[in-house]
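Chemist: Just lifted these from TrEMBL, have a look:
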- 32-49: transmembrane segment (TRANSMEM)
- 55-75: transmembrane segment (TRANSMEM)
- 145-166: transmembrane segment (TRANSMEM)
- 172-195: transmembrane segment (TRANSMEM)
- 202-225: transmembrane segment (TRANSMEM)
- 245-265: transmembrane segment (TRANSMEM)
- 272-291: transmembrane segment (TRANSMEM)
- 297-322: transmembrane segment (TRANSMEM)
- 343-363: transmembrane segment (TRANSMEM)
- 369-392: transmembrane segment (TRANSMEM)
- 404-429: transmembrane segment (TRANSMEM)
- 435-453: transmembrane segment (TRANSMEM)
Amino acid sequence: MAMRAIQVMPIPSAEQASSNPSDGFHHYKHSALDIWALGITIVIGGQYFSWNAGLAAGTLSYGVAVLLMGLAYLCLALSMAEMTSMLPFAGGAYGLARCALSFYAGFIMGCAEAIEYIMYVTCSVVQLGRMLADKWPQLRGLEFLVWFAIYAVACSAIILGGKFFWRWNMMLALISLGIILVFCLGSSGQVNLAANGGGQDMLVVGGFMAFMKASPLSTWFFVGIEALNTLSNEVHDPKTTIPKGQVACMLTLLITSAAVFFVSISLPPGMPAVATALAPLSGGFSLLLNISEANAMLFSIPATFATIQGFILAFTNIIGAMANSRLLPAVLSQRHAILGTPVYAVLGGSALSFSLCFLDGYVDGLDRTLFNICILFGLAAYSSQCLGYIFLKRRYPNLHRQFVSPVGIPGVVFAICVWVMNMVSIVAFQDDHHLSFVVAVGLVALFSAYYYVVAKHRQTISDDERKILFFVHVSINNGSKRKRSMRRRASSGASPWWKRFAFFMAKPESTPDIRAAQPVNTLRSHESMHTGETTTDLTVAIASESPRPPSEMQ
């Protein structure tokens, strides 16, 4: 039988690959501990500030919201860990939606997730500026210089990259986590929920309406854990290191969030004062160390800065992945000639985030609106990731997974319900005259217009996407052969009836190793099967139409 092959861009040879400037970022060999530390630095800052505003709905009401949100993020993290162990998409939700849903959906999800992270950085930078100005009043009126300095330090660390960045990040993670441990353990002797928790009157305040209004604020505890999946093309062995680090990080965050929530409402001055505190942990440190709250607030600075730096890296990876597919200007995918880091993506996204600081910092009441838009886009991206998980789980069950989510499809269905509930909360329960929703819809319309006018006619399949899609095609080919073989055995009547269900009980097979013949642009897969002294080479080829021009991609 004649073998047909799909023509693709050649995979670089070893000599070519070594000269690629992007390899400068890979000199450091990453471990699951590095991924865990990055997850801590991205997320942990949200447990130091802003989450406490949700306590206005009552300790029990908001506690339920935090519990639901924590379980939803756990299901999301487990499902994304499984997807990364199977198909490590570059760009996180963008890459998954582009493969599982459509090119247009992938573009919109990429924009949504990038805007989420950019706006989150804006909110965090403005918050850090307020903390510093509260300690040093002479900085008031010079906030823009403080913001610029914060961006300069964070961007410099990312651009330097390599061993320096990962060791610097590890130090920030350990300091941030250590401060929370000191807060929780050191304050344990003064914890008194009965005296400081507000009693029966503060369990539920404002009923269901207040619960719905406060629910999105619970995302501060966990938002960003999904950003670890944007590292797939930046770390060594992403199929192993990212799932291990991501799951360990999520479990750590669940423990710290519960501890911070309980201790914060159990310390003097307690409820309802803690709901309006700029930094809810400051009261505990003030009591523990007998210092002023202004000085105690300094303990929140490392984690707040770490969160800013982590989210800058996250939106940098998304912007770079989209630029690699020419959905954004190609210059954004270029890396530093020596350091190998995505310098233009770092600076471009940070410039947009910095400009938004002037709106957030100088326009009264815009804080909550920016946060709501940020989280609305985030919830939409989470929903698309959950739908992509269901699609790949059902469509490609025979793809090899190094990690399997224990909650599976039921878990992501639960998560989708939580995401939808909170999207409804942002749209209908925020008392902002639907401003957040209107702005979000306007941005989606703007993104859509850009896609159909510009990006659709330029987009390509990046090298990273070619590798991922080839694995999918191999899986389809192997799965189809297995199903045809089972149907033939079943129709012959030679096998017992119970063997007809063997396909559903079979363990997934490993995907064959993929190599590229040089200089011919043809991909083939070679797997050696050893039986005694006999070796057989298995060649797998993919039948495909000729690649469509960018204008035909939908």
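Quick reminder: no glycine exception, Cβ is built from N, Cα and C everywhere.
Distances, neighbours, how buried they are, the whole picture for these features please.
Modeler: Remote same-chain residues near the transmembrane segment (32-49) are listed as 124, 127, 131, 166, 169-170, 172-174, 176-177, 180, 219-225, 227-228, 231, 235, 240-242, 244-246, 248-250, 252-253, 256-257, 260, 278-281, 300, 303-311, 313-314 (criterion: CB distance under 8 Å, separation of at least six residues from the stretch ends).
Counting residues 6+ beyond its ends, the transmembrane segment (55-75) has Cβ neighbours under 8 Å at 197-198, 202-206, 210-211, 213-215, 217-219, 221-222, 225-226, 250, 254, 257-258, 261, 265, 271-272, 274-275, 405, 407, 411-412, 414-415, 418-419, 422 in the same chain.
Under 8 Å from some Cβ of the transmembrane segment (202-225) lie the Cβ atoms of residues 39, 42-43, 46-47, 49-51, 53-62, 64-66, 68-70, 73, 76-77, 117, 120, 246, 249-250, 253, 257, 260-261, 271-272, 307, 310-311, 314, 371-372, 375, 378, 421-422, 424-426, 428-431, all in the same chain and six or more residues away from its ends.
If you look at the transmembrane segment (272-291), the same-chain residues 6 or more away from its ends with a CB under 8 A from one of its CBs are 48-49, 51-56, 130-131, 134, 179-180, 182-183, 186-187, 190, 198, 202, 260, 263-265, 297, 299-300.
Under 8 Å from some Cβ of the transmembrane segment (297-322) lie the Cβ atoms of residues 38, 40-49, 90-92, 94-95, 107, 110, 113-114, 117-118, 120-121, 124-125, 127-128, 131-132, 134-135, 150-151, 153-155, 157-158, 169, 172-173, 175-176, 179-180, 183, 224, 227, 230-231, 233-234, 278-279, 281-282, 285, 328, 332-333, 342, 345-346, 348-350, 353, 462, 464, all in the same chain and six or more residues away from its ends.
Tertiary neighbourhood of the transmembrane segment (343-363): same-chain residues 114, 117-119, 121-123, 125-126, 129, 143-144, 147-148, 151, 154-155, 158-159, 312, 315-317, 319-320, 323, 331-336, 370, selected by CB-CB distance under 8 Å and a gap of 6+ residues from either end.
Residues 68-69, 71-76, 78-79, 81-82, 209, 212-213, 215-216, 219, 372, 375-376, 379-380, 382-383, 386-387, 389-390, 393-394, 436-437 of the same chain sit 6 or more residues outside the transmembrane segment (404-429) yet have a Cβ under 8 Å from a Cβ within it.
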Chemist: With a Cβ cut-off under 8 Å, give me the same-chain residues at least six positions beyond the ends of the transmembrane segment (369-392) that come close to it.
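Modeler: Tertiary neighbours of the transmembrane segment (369-392) are 50, 76, 79-80, 82-83, 86-87, 92-93, 96-97, 99-101, 105, 109, 112-113, 115-116, 119-120, 122-123, 216, 219, 223, 226, 356, 359-360, 399, 409, 412-413, 415-416, 419-420, 422-423, 426-427, 430, 432, 435-437, 439-440, 443.
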